[in-house]
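Enquirer: Sharing a structure below in structure tokens format, with a few things to ask.
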Amino acid sequence: MTDLHTADQVRAAEAVALARTPEGALMQRAATGLATVCLRLAGRAVGLRVTLLVGSGDNGGDALWAGATLARRGAAVTGLLLDPDRAHPAGLAALRRAGARVVTAADAAGLDRADLVLDGITGIGGRGGLRPAAADAVGRAVAGPGLLVAVDVPSGVDADTGVVEDGAFPAQHTVTFGAVKPGLVVGEGRGHAGVVHLVDLGLELGPPAARQLTDGDVAALLPDPGAGDDKYSQGVVGIHAGSATYPGAGVLCTGAALRTRPGLVRYAGTAAEGVRAAWPEAIVSSGRPADAGRVQAWVVGPGGGTDDEARDVLAEVLALDLPVLVDADGLTLLADDLDLVRHRSAPTVLTPHDREFTRLGFDLAGDRIGAARSAAADLGAVVLLKGDATVVAGPDGTTFVNGTGTPWLATAGTGDVLSGVVGALLATGLPAVEAAAAGAHLHGRAGQLAAAGGPLIASDLVRHLPAAVHRVQGGLGHSRA
Ligand SMILES: NC(=O)C1=CN([C@@H]2O[C@H](COP(=O)(O)OP(=O)(O)OC[C@H]3O[C@@H](n4cnc5c(N)ncnc54)[C@H](OP(=O)(O)O)[C@@H]3O)[C@@H](O)[C@H]2O)[C@@H](O)CC1
Ligand SMILES: Nc1ncnc2c1ncn2[C@@H]1O[C@H](COP(=O)(O)OP(=O)(O)O)[C@@H](O)[C@H]1O
Ligand SMILES: [K+]
């Protein structure tokens, strides 16, 4: 599990640690970790041309101290001071002592000739978009071929939300201190942070603001069937998706459920013929969900249309005292009567993409974690907000940010597959927020495996689900046959 902590949480823990450690010790730890990662990434120090972009706060201090270490190892380091009078005094002195060049924006030629650019303009103290002098320096430094490494947070990225207001440092790697901040793994920040390396500062952090599951976490939530299991004991999922004219969503969703947890999948709906032909393993009926036999969780909505019949089915399923996942057309219908969800006592999982989220009446400004959380609290439901980093929020504020996936998932039908995966996990009896987070993780892993063979389509994703389950089980050290 990767814990994500906000800037305020890190600052509070740092304040405690600062009071217990000699002056400057924490910054030394951070800068030493930073220099170590840089040396590992660059593979050498002697002759390495390094440019430091140095802002006026402690983030600049980290860059200056790390630059001093690199210079002592033989790198040709240039420190560009964006605010020369306010550069971290001890860090600047150390850089000068190590024999590095120190310049200001006025005489900063050759910024694009570095092998390594360290962005120490702003970290968790940055506010608003990059200011003009900082934006100019970033523009010139990133024009060259140098490796782009952000110190703590890429400057211009909001550490808590990942929002980029007005340009940000496009890092290939981010070396972050004390804790991974949410803004490094969600929204635009994720794209600007690149690979995130955590330098442990030994901070005593409280409960995280959000979490990211690992393969091992997901495997632990998904035990293999045991000797005492039968086809019913792993949970039976019911699916109402697709239509006679468009059976695709029913086929994909049913297949995804079968390939995730192949105990028993019941399909009930008008795509019955297509689903039966594609998946003889499923128990298929063309009747209404309420007549389909016992299930432990329902999926309703993908490709189901928005006519009166679909509206009746949605109300009927939501009236059952069982976990229900609502997606796609089901969300469009739900937007007319959110009380159908608010009144439920069994768990509900809603899986909107951005347009569906706003259609439900919620505001989606840049803060995706905040938006998912407030919708979840309002509806008393789990909200899985799809995206390149899917956010899952529970009504009690429990939040996960997904870390798997590939942009190749941006293709029709992959959302239907996600519904089937999460539905199957809901039926196993997992808490709804964990079923949604684990489902997003598996779906993303399947996407990565499928995309290894080139562009993927949604049915490739279904085919790769068993390999994704197998792959995450490797995270627990399961033997691989
Ligand atoms: N505390 C600790 O123990 C440890 C902290 N550590 C490090 O400290 C960092 C936090 O340092 P911090 O609090 O000094 O803030 P920081 O991120 O440098 O930014 C504030 C400065 O930037 C300026 N500025 C603001 N916005 C701007 C913008 N848009 N564009 C340009 N400039 C802007 C702002 O100027 P002002 O607004 O006052 O003009 C102010 O001077 C943290 O991320 C980590 O790297 C590590 O060493 C571990 C130990
Ligand atoms: N750029 C992207 N990077 C990673 N995953 C993406 C990206 N775009 C979409 N996805 C994922 O693909 C799926 C698309 O779902 P959705 O929009 O409901 O598609 P559909 O309705 O066609 O099935 C979601 O799981 C989403 O998180
Ligand atoms: K930075």
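Glycine is no exception: its Cβ is also placed from the backbone N, Cα and C atoms.
Fair warning: this is a prediction, and the values are worked out from it, not measured in the lab.
Pasting the relevant annotations from TrEMBL:
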{"type": "DOMAIN", "residues": "10-209", "note": "domain 'YjeF N-terminal'"}
{"type": "BINDING", "residues": "58-62, 123-129, Asp152, Ala249, Gly303, His353, Asp416", "note": "(6S)-NADPHX binding site"}
{"type": "BINDING", "residues": "Asn59, Asp119, Ser155", "note": "K(+) binding site"}
{"type": "DOMAIN", "residues": "214-472", "note": "domain 'YjeF C-terminal'"}
{"type": "BINDING", "residues": "Lys386, Gly387, Asp388, Ala389, Thr390, Gly415", "note": "AMP binding site"}
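Burial and contacts for the listed features, if you can.
Expert: Neighbour list (Asn59 (K(+) binding site), Cβ cut-off 8 Å, at least 6 residues apart, same chain): Gly120, Ile121, Thr122, Gly123, Ile124, Gly125, Gly126, Val151, Asp152, Val153, Ser155. In the three-state DSSP scheme, Asn59 (K(+) binding site) is classed as helix.
Listed in sequence order, Val185, Val186, Gly187, Arg190, Arg368, Val401, Asn402, Gly403, Gly405 are the same-chain residues at least 6 apart in sequence whose CB falls under 8 Å from the CB of Ala389 (AMP binding site). DSSP assigns Ala389 (AMP binding site) to coil in the three-state reduction, outside any helix or strand.
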Enquirer: Over all shown protein chains, what is the count of other CB atoms within 10 A of the CB belonging to His353 ((6S)-NADPHX binding site)?
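Expert: That number is 17.
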Enquirer: Rounded to a whole number, how many Å is the Cα of His353 ((6S)-NADPHX binding site) away from the Cα of Lys386 (AMP binding site)?
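Expert: Each residue's Cα considered, His353 ((6S)-NADPHX binding site) and Lys386 (AMP binding site) end up 5 Å apart.
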Enquirer: Other residues near the AMP site, CB within 8 A of the CB centroid of Lys386, Gly387, Asp388, Ala389, Thr390, Gly415?
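Expert: Filtered neighbour residues, in order: His353, Leu385, Val391, Asn402, Gly405, Leu409, Ala440.
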Enquirer: Under 6 Å from ligand 2 by Cβ, which binding-site residues from Ile124, His353, Lys386, Asp388, Thr390?
Expert: His353, Lys386, Asp388, Thr390
Enquirer: Suppose the K(+) site is Asn59, Asp119, Ser155. Which further residues of the same chain have a Cβ inside 8 angstroms of that site's Cβ centroid?
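Expert: What remains near the Cβ centre is Leu53, Gly55, Gly60, Ala63, Gly120, Ile121, Thr122, Gly123, Gly126, Ala150, Val151, Asp152, Val153, Pro154, Phe169.
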Enquirer: Lys386 (AMP binding site): which of the binding-site residues Asp58, Gly61, Asp119, Arg127 is the nearest Cα neighbour?
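Expert: Nearest listed residue in space: Arg127.
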